[in-house]
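Q: The following feature annotations were taken from Swiss-Prot:
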- 653-666: compositional bias 'Pro residues' (COMPBIAS)
- C156-C328: disulfide bond (DISULFID)
- C252-C259: disulfide bond (DISULFID)
- C305-C312: disulfide bond (DISULFID)
- C417-C502: disulfide bond (DISULFID)
- C439-C498: disulfide bond (DISULFID)
- C439-C479: disulfide bond (DISULFID)
- C443-C494: disulfide bond (DISULFID)
- C452-C479: disulfide bond (DISULFID)
- C452-C502: disulfide bond (DISULFID)
- C454-C468: disulfide bond (DISULFID)
- 198-266: region 'Gating release of inhibition by proteolysis (GRIP)' (REGION)
- 109-129: transmembrane segment (TRANSMEM)
- 586-606: transmembrane segment (TRANSMEM)
Amino acid sequence: MSSIKGNKLEEQGPRPLQPTPGLMEGNKLEEQDSSPPQSTPGLMKGDKREEQGLGPEPAAPQQPTAEEEALIEFHRSYRELFEFFCNNTTIHGAIRLVCSQHNRMKTAFWAVLWLCTFGMMYWQFGLLFGEYFSYPVSLNINLNSDKLVFPAVTICTLNPYRYPEIKEELEELDRITEQTLFDLYKYSSFTTLVAGSRSRRDLRGTLPHPLQRLRVPPPPHGARRARSVASSVRDNNPQVDWKDWKIGFQLCNQNKSDCFYQTYSSGVDAVREWYRFHYINILSRLPETLPSLEKDTLGNFIFACRFNQVSCNQANYSHFHHPMYGNCYTFNDKNNSNLWMSSMPGINNGLSLMLRAEQNDFIPLLSTVTGARVMVHGQDEPAFMDDGGFNLRPGVETSISMRKETLDRLGGDYGDCTKNGSDVPVENLYPSKYTQQVCIHSCFQESMIKECGCAYIFYPRPQNVEYCDYRKHSSWGYCYYKLQVDFSSDHLGCFTKCRKPCSVTSYQLSAGYSRWPSVTSQEWVFQMLSRQNNYTVNNKRNGVAKVNIFFKELNYKTNSESPSVTMVTLLSNLGSQWSLWFGSSVLSVVEMAELIFDLLVITFLMLLRRFRSRYWSPGRGGRGAQEVASTLASSPPSHFCPHPTSLSLSQPGPAPSPALTAPPPAYATLGPRPSPGGSTGAGSSACPLGGP
């Protein structure tokens, strides 16, 4: 009892290094020393007064240990990071880098194999991404069948019109041309060349840019004959017998400082182009509205018109004049209130026309063909007779079968096309929708106005701009032919600026020809045409022609572009490659991303630590000392348990002298804390007795 009381008195006073009462008993001390994680038997079965005297001590606050996991935790080294990654990742082959670490040869083999596999996979990734960003397209072809809107049909007389308003100028041009042909080729027709008071030389001198013969040096043996660089018209009629001369006319700039000859090796081409050049100048003097054109009627050119076995009327066509092709008529254009529909294919369910092919007002020096010219196009597209038309022969029935096709292109990154031309840097001068031909002609007209100061008469012009005439623009011919060369070589950039439309409707045509009318039927056919139209056919077969235009079938083909590699396809291909080389899933990719992130963080922390150790050392100032102090304060408390070296646990003795003891430890560390086995011992926070 006295020992108990002594112990109680010692508990009331400060006892920094006194053991618990149960540890003072001999036999029980050995049991506790042999099994430290278990409870002391003396405390469990001892005096009740001892238990009451000690009482339950309040639980001390838990201090964080190295084994506890923080909210944000990073590995201490690269080695630890890679070992953790290889042990826990789902990527195949990574575990072999750790399992075979006792065999360096296997470790090296698997490391090289893993890196090569990784490189091969990302090489395939590069190919897949390269294919995706090249934006390839696939062409999808669909066949559809439905009622079809009949396209617009434009047909021209191939007979340049002799305007009454410029009759005198045209007759003067014909006389000068006849004189030129006589001087150059000794040709005289005696029909257009009339006698006058002026001589031939004086008559030719009244017209600028006369046609003349030019001597050129003979080409070397075996060399290819080429046209002048300034010429823009191809030699359609090659010369049979080579001579050391060419035919052309001279063109100069405004101040006559630069001149060139527009030459041709064929005299036919030279005369036609020279006559055409002067004919354009005469046409430019015509007023905007001509009464002679307004009086023109369809019956002067077309004898009969039927569509789906029903006769046409005046509301089904519109009329315009072309400088080279004469009077033109467009059937079923956008101005027609009720567009024609084709519900059946075949020659009897289309457009049938009987045409007059005679050329009473023919200008022989401007056009050398006879018949008619026809073109099939969309309702909202202009008729470019030079680009898409073809000629009809007199005395022949021409049957033209059509097949409709549509093409839908992809724009943006997949193709260079435009939806409506609003993003094209060329103003549309035509009253129609955007097409590539519309843009090209508008671009040339803009360049013509900018460089030459006047507009070309074959294309529409903006307001307040005059058509070219050498009476007002003396050097426009020089400018025009120079511009033609730049246009053909795309120095003007028109072919680059004018992109293709994203949606195009075209008609594939195929023609068949037959003699019409036949020998046995031509008498009554011509008699009926003469009685019906009050017109006498003089040359019979050469004065008429017939054309049939119809759908071959109502099936039409739709060609549409679609992306060959979409985002879904790309992800699928990437997943296939990842599974092929590593047999992993999307979560494995997340693991790789986590590994890269941890590598960056560890590298950053190591650099930061090195920076602090170099520039924030304690000897460099107060800031370094504060850093060290904060580092010590943030470190976990050490479990320091000093004890005298001469203390014997088997024999009790007096308390050690305060001079031999260490500074008092943190009392919170003397409280119970969980043991590795999960139980709480009274002496778990103290060092084992008997140690050095």
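Each Cβ is built from the backbone N, Cα and C atoms, and glycine gets one as well.
Where in this structure would I find these features, and how exposed are they?
A: DSSP classifies C156 (disulfide bond) as strand under the three-state reduction. Over all protein chains present, the Cβ of C156 (disulfide bond) has 24 other Cβ atoms lying within 10 Å.
When other Cβ atoms within 10 Å of the Cβ of C259 (disulfide bond) are tallied across all protein chains shown, the result is 10.
Following the DSSP three-state reduction, the secondary structure of C312 (disulfide bond) is coil.
C502 (disulfide bond) falls within neither a helix nor a strand when secondary structure is assigned with DSSP, and so counts as coil. In sequence order, D408, R409, L410, G411, G415, C417, T418, K419 constitute the residues six or more apart from C502 (disulfide bond) in its chain with CB-CB distances below 8 Å.
Counting Cβ atoms from all protein chains shown, C498 (disulfide bond) has 23 others lying within 10 Å of its own Cβ.
Following the DSSP three-state reduction, the secondary structure of C439 (disulfide bond) is helix.
Listed in sequence order, the residues of the same chain lying 6 or more apart from C443 (disulfide bond) and placing their CB within less than 8 Å of its CB are V426, L492, G493, C494, K497, C498.
Secondary structure at C452 (disulfide bond), taken from DSSP and collapsed to helix, strand or coil, is helix. C452 (disulfide bond) has a Cβ environment of 19 other Cβ atoms inside 10 Å.
In sequence order, M448, V465, E466, Y467, C468, D469, K472, H473, W476 are the residues near C454 (disulfide bond), counting only same-chain partners six or more apart with C-beta under 8 A.
Looking only at the region 'Gating release of inhibition by proteolysis (GRIP)' (198-266), the predicted model's pLDDT averages out at 60.
Only residues 6 or more beyond the boundaries of the transmembrane segment (586-606), in the same chain, are considered here, and those with a CB under 8 A from a CB of the stretch are 74-75, 77-78, 81, 85, 89-91, 575, 578.
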Q: Among the disulfide-bonded residues C439, C468, C494, which residue has its Cβ surrounded by the fewest other Cβ atoms within 10 Å?
A: C494
Q: Going by C-alpha distance, which of the disulfide-bonded residues C156, C305, C439, C479 is nearest to C252 (disulfide bond)?
A: C479
Q: Hey, does DSSP put C417 (disulfide bond) in a helix, a strand, or just coil?
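A: It is in a strand.
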Q: Round to the nearest Å and give the CA-to-CA distance linking C328 (disulfide bond) with C305 (disulfide bond).
A: 15
Q: Sort out for me which one of C305, C312, C328, C479 has the most neighbouring CB atoms within 10 A, since those are the disulfide-bonded residues we care about.
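A: The residue with the densest Cβ neighbourhood is C328.
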Q: Compare the C-alpha of C452 (disulfide bond) with the C-alpha of each of the disulfide-bonded residues C156, C259, C312, C439, C479, and give the closest one.
A: C479
